[in-house]
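Peer 1: The structure under discussion is supplied below as structure tokens; questions concerning it will follow.
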């Protein structure tokens, strides 16, 4: 006869006990002449006195074993009595310390700890929270506590109900505030429904939270054999024999074969790994004490089972980073929370997609700003990609470049923006204008040909003027038959006529002969074309300032030899491009950057700052350069694109909503929404268009002295040359007159200087004869004075 002690909290255990008795009696075994009689006795939960009194009453009736109860306090007392009476005692509660006559059908806590450990390793959890109900659960999580490592696993332990009043919300809220999405729940089946209900109320049962709970981890349940009287020292002599036989026997049950070790612990058992998905509970694997954990489906299929592929009313955790203009924190005098904290191109894009597809979203921030790169040694990802792989986020949007490495780990939508790598550098300095920039409209060769044409035409007029009879005129019209004729086209007059026509000034000389008129006409037409061409180009050459840049493309940058330093963002797609590049110039640039690690930056703003303050070029995406040059007027983009790629929205591999999101991005592109968003965040918001407005408002630039200084130099040189020629003429005239008057050159020079000084204040002059007479009087005065 078997007797069971059950309390009010173990109704299921009582039903299982009665079912087991009936199942044994229905089997056709060698002892089929005997019937197993089971009797269930109700005791008050936790009442040791009531359990003791009913236990003694059962012992008097003569029993072969005792099952239960489940209360830890009552079970310990019943276990002690059975130990004293050598009565077989069978319990199903969670008990790490079993006495000699007791067998525990529940898997041993330390063995259950191995189950938890295997699941943690299989799911690759690096940080998690353990919620335990009471002290007896601690042995089963001891192995998990040993995993704690400040540099590796982060384990947080919290007790569910510190006040034992059934209110778990305070602890659950602290778990939610910690943002830990992985939870191990160590509590009884009776407590679990209330725990999960309150967890749902505080927002812990979302698609982003993962909870491991042992189905069947009930509160302590004891089954004890019973015999004799409690106040009688006599023991049941067959008690230990029954216990030893049960330890050596093997029973096949639902959880594999049931057998015990020498301490009465059940160490060999089979557990089903059950997962709660949209379709309900589903078996995804098994665990046994000999082979460990074995999933019946792949991990990817397990993860996909949690996702039914629908977007309507679904809430996504969207990961972003501070990277203008894709993701930024709002400037606000008050503290903002939730999605209100963020703005930018990526934020608006997610909002447009949510309106189109009907999903909800919550933005979280990638604090370190790392997008994601693969460590070739450890085969581990970091940054945003790691967050997606570890299910801490559903989507990631920023200036996240689609690369082959990243696509091997996560999926991307179709690109919402196409771009390439380019060079950000300071604006080239303006070259100072040339002093003789007024000569720039024509090349040196043209000026030489122009001078040659001038001399050729002048000589032609001189010769033709001598040949043509009509160019010889009578200097004295009153004399009908003059002895001499004059020709106006002397060599000097020919050159004067030609230069006057070239400079659009004309002269008093007018050709008379058909030949000279033909040459003059052709020369006038020639000068018309040349002067018009010169005037048209002169404005451009005087106002346009040439810029000088030490680099014009990537080849110049690579060949700079360290004169211009350059770098890229560390752990970004740009540096990955140079790492994998086969083109010689790009490979050389990668080697240079790896040899100078200090030139790599942790963010784009840091690279911009170095460009502005150092002789440094920063390699980055062209769209980011466009955003910067709209606001920073002292930097610019150098050269074209080094490659062709795009930005996309990242998500976990084989995500069922990839197609829907890609289709929505395509529709936004066709509707012009993406173009409108780019114009908004590049040219309008946050100081956009500042440099474009400066150029438009500047208007025409006034000419500086440096632009026209050569003209003044030419004027001064001309005046000085004219003065020099004038003095030369005067000296020649003095020399000629001294020879005619037979006086010393010094005396004649003195006389002429005095005469010329008088002429500066008078517009008239003496004739040559009067001049000679005046000179003679001056000489006589000088001689008289000398005498």
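Positions of Cβ are set from backbone N, Cα and C atoms, glycine also.
Curation does not apply to TrEMBL; its annotations are automatic.
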Peer 1: If you check TrEMBL, which stretch out of 667-688, 689-710, 711-732 is marked transmembrane segment?
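Peer 2: It is 711-732 that TrEMBL describes as transmembrane segment.
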Peer 1: Which of 367, 606, 614, 621 does TrEMBL put in the same L-glutamate site as 401, 406, 573, 574?
Peer 2: 621
Peer 1: Can you dig out which of the ranges 408-426, 427-445, 446-464, 465-483 TrEMBL describes as transmembrane segment?
Peer 2: 446-464
Peer 1: Write down the single range among 338-360, 499-521, 522-544 that appears in TrEMBL as transmembrane segment.
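Peer 2: That would be 522-544, per the transmembrane segment entry in TrEMBL.
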Peer 1: For the domain 'Ionotropic glutamate receptor L-glutamate and glycine-binding' (325-390), would you mind checking the mean pLDDT of the predicted model?
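Peer 2: Averaged over the domain 'Ionotropic glutamate receptor L-glutamate and glycine-binding' (325-390), per-residue pLDDT gives 91.
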Peer 1: Could you give me the DSSP helix, strand and coil counts for the domain 'Ionotropic glutamate receptor L-glutamate and glycine-binding' (325-390)?
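Peer 2: DSSP composition of the domain 'Ionotropic glutamate receptor L-glutamate and glycine-binding' (325-390): 24 helix, 15 strand, 27 coil.
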Peer 1: Give me the largest Cα to Cα distance among 401, 406, 573, 574, 621, the residues the record lists as binding L-glutamate, in Å as a whole number.
Peer 2: 17
Peer 1: Counting only residues 6+ apart in the same chain, whose Cβ is under 8 Å from the Cβ of residue 573 (L-glutamate binding site)?
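Peer 2: Sequence-distant Cβ neighbours: 371, 401, 403, 406, 645.
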Peer 1: Can you tell me how many other Cβ atoms are located within 10 Å of the Cβ belonging to residue 551 (site 'Crucial to convey clamshell closure to channel opening')?
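Peer 2: The Cβ of residue 551 (site 'Crucial to convey clamshell closure to channel opening') has 20 Cβ neighbours within 10 Å.
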Peer 1: Through the lens of DSSP with three states only, how would you label residue 621 (L-glutamate binding site)?
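Peer 2: Looking at the DSSP assignment, residue 621 (L-glutamate binding site) belongs to a strand.
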Peer 1: By CA-CA distance, flag whichever of 551, 621, 633 among the recorded positions is nearest to residue 579 (site 'Interaction with the cone snail toxin Con-ikot-ikot').
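Peer 2: Of the recorded positions 551, 621, 633, 621 has its Cα closest to that of residue 579 (site 'Interaction with the cone snail toxin Con-ikot-ikot').
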Peer 1: Within a 10 Å radius of its Cβ, which of these disulfide-bonded residues (633, 691) has the fewest neighbouring Cβ atoms?
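Peer 2: Checked 633, 691; of these disulfide-bonded residues, fewest Cβ neighbours within 10 Å: 633.
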